[in-house]
Amino acid sequence: MLRYLRVLCLRDWLLDHTVAWRQYARVRRSLPLTVTFTPLQIGLPCASFATRGDRVWSSTIRKRTFSTENESSPSTTDVAPGPAVGDRAQRSTTPSLYPGGGDKLSGSVSNSAGVVKATEETLRQMNLFTAINSALSCALESNPKVLVFGEDVAFGGVFRCTSQLQKRFGRQRVFNTPLTEQGIVGFAAGLAAMGYRPVAEIQFADYIYPAFDQIVNEIAKYRYRSGGQFNCGGVVIRAPYGAVGHGGHYHSQSPEAYFLHTAGIKVVIPRDPFTAKGLLLQSIAEDDPVIFFEPKALYRAAQAEVPLSKYVLPLGRAEIVRPGTDITLVAYGAQVRVLLEAAQVVAREDKIEAEVIDIQTILPWDEATVCESVARTGRCIVSHEAPLTGGVGAEVAARIQEECFLDLESPVMRVCGYDMPFPLVHEKNYLPSAEKVVQCIRDCLNY
Amino acid sequence: MLHKLFMYEALREAIDEEMARDKRVFVLGEDVGHYGGSYKVTKQLHTKYGDLRVLDTPIAENSFTGMAIGAAMTGLKPVVEGMNLSFLLLAFNQISNNAGMLHYTSGGNWSIPLVIRGPGGIGKQLSAEHSQRIEAYFQAVPGLKIVACSTPYNAKGLLKAAIRDNNPVLFLEHVLLYNLKQEIPKQEYVLPLDKAQVVREGSDVTIITYSRMLHHVMQAVKQLVAQGMNPEVIDLISLKPIDLETLVTSVSKTHKAIIVEECMQTGGIAAEVMAQIYSHAFDELDAPIRRLSSKDVPTPYNGYLEQACLVQPTQIVEAVKTLMST
């Protein structure tokens, strides 16, 4: 598969350089939010394989706007080829990640206990992948022990997260590895044990399984079984996870649940560029090994204002993304926006005020915030893309029902992927969509 | 006609009978041939069936599991022995991405009649890497069946059923149960893979458990009965899919449930079982379901710490009493 991708990458690269003068755009039909792409955003277009079926070549930038705020139908307008993507005015036309609208950044900043004093000058509009890139470059700059490596990382990675890093920090600190996940993670474990802070990239979370033994048996247990003499603190394993529109079962899996049962590691999943940068920087600074899953569907779809400088957000803390009184909706990563969408629908149509919580860290997860919310609302739905059985939802539901049994008006319900391999053509049916969540909210309220 | 067998002998009998019955069945794994398996489950089978049907492999879990999957795709019925189930984490990719999903991703063109069996669980001072309970890691893999045996009787019947099943089955044995002795029928019998077993009928509380913890629960039940309580005990047997019907019927009768498992709590089997019971029998419950699990730590080597890590019968007695008083 990877070899196939590389052939595609090479072909794309050649194609693009022969038509470099052209405006290049893509339309991502599978995502409900606006996505506008230009060559600069994409860097090398080899990352574009994920939306291969939908790519559009045109001499103008095709801008597709689909606002979740007003539920209008998707409309496509052509705009004249303008200045490159650095232009703020252009970017400001893309809708906020938060369907609730408003300046959510300030909300995020205040929620993280004033970690950042963001001003207009120090902020930049960033995509999720540029935020990751920014975090990595901050980490490489501030700590000489930080190393970044993985398959194809040197030329920027298939999703462009490590773009330009080798150029800036050299081949000694940012480098490619052979195609061996077990080797990458084992190498990271050894480096961490010697005091480095390795950030290892697994190209897709679906490829993390060959490294399962290294993560679960070596990295997670090293501190414990050496009686505290050695540890793998400082390892961060980054991997893009989740549905992307048409990835099929080797490029769309959500394997976080497999690691939920692993004492000794932390599992983090951000929902947008702002949290991605803060949480990744904290993960690198953390003295425990961290698996950092990035929602690949949001690499380009999500935009937010992100501080240029270094800032951290605490691990193990959930964030109430939308306050409400009637029901608590719990998710993480890309699923948060699905819940926000559902929350808006029920607020408008059923006058139900749903509280949406992003747990951000899957292991250890913030039980206190979630249970406090459920005790108030009396109802709860947990949602994730991964299959239902044995998923994160099971643990969250079990814990909530242990803690809040007498507060519950109805059982904790789960809206998750089906118990099946991730389907290619039936992806839309498989995913826990906003419609499914809305239906579940109604079922829950009418229980 | 009954005969008394150790659990490892019952398992060997099952494999032996299936290999005699069906030429497609073969065994592979580390030291399964001449050495007879590290727990003697395949002892002497190689003399009877030859080195090709009882195949010694190099120490390369990912490779020989992949090999078995390939064999299964071409119509054979491999029985893979993981010398210790924790080593199968090295084969996670093969088990999850290939064994679990190939039937689906090939549009039903291939089926994977594969059994992966071996000893797991906390033994006697085997330390972190040899004491793992891998069922929770594989619980979320779609397409996989997970079965845990608890007695020589069900070990034999279930293993035969697993070998005959057309799906990949992860068959969990427990290191400390191999030397459990029981009288089992000499005649051939096969047990259903997807049914939980009501081990003891009762009316006050449902205790749900599996594998070795069943024996801890039964010890606790003795004390509870002496104190005038009447608990119902269910051996899950099938960890995936969970036999919800049996569980819900029981909980609807007792209105209280407690789950005892040997795996760690976070993301364990009990979490899923609880979530399922809550969503199907919420109104039947008089109290929150309790779960007793091992501590969320790698298993310690130190014998005392190891015991402290596990759920002990006294804890089960205490938990049931507390639950009954709520």
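Note that Cβ sites are derived from N, Cα and C of the backbone, with glycine treated the same way.
What Swiss-Prot records for the K(+) site is B:Ala162, B:Ile163, B:Asp165, B:Asn167, and among B:Leu114, B:Leu224, B:Leu236 the residue it adds there is B:Leu114. Using the Cβ center of B:Leu114, B:Ala162, B:Ile163, B:Asp165, B:Asn167 for K(+), the list of other same-chain residues with Cβ within 8 Å runs, in sequence order, B:Lys77, B:Pro113, B:Val115, B:Lys145, B:Ala161, B:Arg164, B:Asn166, B:Pro168, B:Val169, B:Phe171. Of all the binding-site residues listed (B:Glu61, B:Asp165), B:Glu61 sits in the most crowded Cβ setting, with the most other Cβ atoms within 10 Å.
Around B:Leu114 (K(+) binding site), the C-beta neighbours below 8 angstroms that are at least 6 residues distant in the chain are B:Ala68, B:Ile69, B:Ala72, B:Lys77, B:Pro78, B:Val80, B:Ala99, B:Pro168, B:Val169. Every protein chain considered, the tally of other Cβ atoms within 10 Å of the Cβ of B:Ala162 (K(+) binding site) stands at 27.
Shown in sequence order, B:Ala14, B:Ile15, B:Glu18, B:Asp22, B:Val25, B:Lys77, B:Val79, B:Val115 are the residues of the chain, 6+ apart in sequence, with a C-beta less than 8 angstroms from the C-beta of B:Ile163 (K(+) binding site). Its Cβ placed at the centre, B:Asn167 (K(+) binding site) has 17 other Cβ atoms within 10 Å. Across the structure, B:Asp165 (K(+) binding site) and B:Glu61 (thiamine diphosphate binding site) place their CA atoms 23 angstrom apart.
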